[in-house]
Amino acid sequence: MNGTEGPNFYIPMSNKTGVVRSPFEYPQYYLAEPWQYSILCAYMFLLILLGFPINFMTLYVTIQHKKLRTPLNYILLNLAFANHFMVLCGFTVTMYSSMNGYFILGATGCYVEGFFATLGGEIALWSLVVLAIERYVVVCKPMSNFRFSENHAVMGVAFTWIMALSCAVPPLLGWSRYIPEGMQCSCGVDYYTLKPEVNNESFVIYMFVVHFTIPLIIIFFCYGRLVCTVKEAAAQQQESATTQKAEKEVTRMVIIMVVFFLICWVPYASVAFFIFSNQGSEFGPIFMTVPAFFAKSSSIYNPVIYIMLNKQFRNCMITTLCCGKNPFGEDDASSAATSKTEASSVSSSQVSPA
């Protein structure tokens, strides 16, 4: 083995030289230079600085404006809550640990941070799955004129929590475990060891199949069918400027969704799977740290892509920030008129991303 395994940690460095120390008790500056930990700390501070207000404003504006409390926006609200959850319960701990060069909260704190980070990330991921399914059902109409109601939204939110808990809770109960990863400043599921005492191998396989591969397949299938359906509708209505506009908007949104999904999650999952599949292989702490922090940045990408590009929400947010008046003149009446003007067989409410 090219690493050093302890009771609650795995350091990606052999202890032949005797320099390896517990990541819960000593700075890990033998893994990376102090300035690298400073960069990590600054990066986490930036994510908090951007992620907290964006997600907080999403929650606040939705509560303030009744017209935003639609069934579909329940899922978007759940997504913002999950991101906010990650920022408060995960990013702050990682930043504090990076300042000290090791996971200063101890093994118990590692389990708590690992649980909350995993829970928030999984809620966000499964919220994207529910959004993809909703868009597919409404636009592609596999079930005729299906209407996404409040009950469906509540069930969708409940589903995201059930799936997230089914991933985050098992390590707390003895199926796998949470340990410090990368530069030892944040915690996640143990991909590094087989650890037969906690059946680690079976849990990692379960996690990759159920909580990564399946969501990825669902998202690609739903948005792939969505693009095809909108293109077919546009081809049948060449004279409809509204349909052409809808096609471009949906295509753009789908490309952004897929690209940022891949940027956020595929590097992390790929590196984790490589480490798990090559037990004992030599790799540095940076190898796992970089993709892990790409995944963390999803807390910023998600609200920007799924909510900030929504015209109605954007107008409501501007109104809230400007003390009840939109300086750009976008009021409810003009929004309503626009909605009526844009009505067609493939309406903007059916094909818009939110």
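Every residue, even glycine, has its Cβ placed from backbone N, Cα and C.
As recorded in Swiss-Prot, the features of this protein are as follows:
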| type | residues | note |
| --- | --- | --- |
| TOPO_DOM | 1-36 | topological domain 'Extracellular' |
| CARBOHYD | ASN2 | N-linked glycosylation site |
| CARBOHYD | ASN15 | N-linked glycosylation site |
| TRANSMEM | 37-61 | transmembrane segment |
| TOPO_DOM | 62-73 | topological domain 'Cytoplasmic' |
| TRANSMEM | 74-96 | transmembrane segment |
| TOPO_DOM | 97-110 | topological domain 'Extracellular' |
| DISULFID | CYS110-CYS187 | disulfide bond |
| TRANSMEM | 111-133 | transmembrane segment |
| TOPO_DOM | 134-152 | topological domain 'Cytoplasmic' |
| TRANSMEM | 153-173 | transmembrane segment |
| TOPO_DOM | 174-202 | topological domain 'Extracellular' |
| TRANSMEM | 203-224 | transmembrane segment |
| TOPO_DOM | 225-252 | topological domain 'Cytoplasmic' |
| TRANSMEM | 253-274 | transmembrane segment |
| TOPO_DOM | 275-286 | topological domain 'Extracellular' |
| TRANSMEM | 287-308 | transmembrane segment |
| TOPO_DOM | 309-354 | topological domain 'Cytoplasmic' |
| REGION | 331-354 | region 'Disordered' |
| COMPBIAS | 334-354 | compositional bias 'Low complexity' |
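If you look at the transmembrane segment (203-224) against the transmembrane segment (74-96), you find fewer than three C-beta pairs under 8 angstroms, all six or more positions apart, and that falls short of contact. Note on the topological domain 'Cytoplasmic' (309-354): mean pLDDT across this stretch is 57. Using the rule of three or more Cβ pairs under 8 Å, pairs at least 6 apart in sequence, the transmembrane segment (287-308) is in contact with the transmembrane segment (74-96).
Look at the Cβ of each of the disulfide-bonded residues CYS110, CYS187 and count the other Cβ atoms within 10 Å; the largest number goes with CYS187.
When Cβ atoms from all protein chains are considered, those within 10 Å of ASN15 (N-linked glycosylation site) total 13, not counting its own. Residues 40-41, 44-45, 47-48, 51-52, 55-56, 58-59, 62, 104-105, 109, 113, 116-117, 119-121, 123-124, 127-128, 130-131, 134, 150, 153-154, 156-157, 160, 164, 185-186, 296, 298-300, 302-303, 306-307, 354 of the same chain, all 6+ positions outside the transmembrane segment (74-96), place their C-beta atoms under 8 angstroms from a C-beta of that stretch. Secondary structure from DSSP puts ASN2 (N-linked glycosylation site) in coil. Proximity of ASN2 (N-linked glycosylation site) to non-local residues of its own chain (separation of 6 or more, Cβ distance below 8 Å) is seen for PRO12, MET13, SER14, GLY280, SER281, GLU282, PHE283, given in sequence order.
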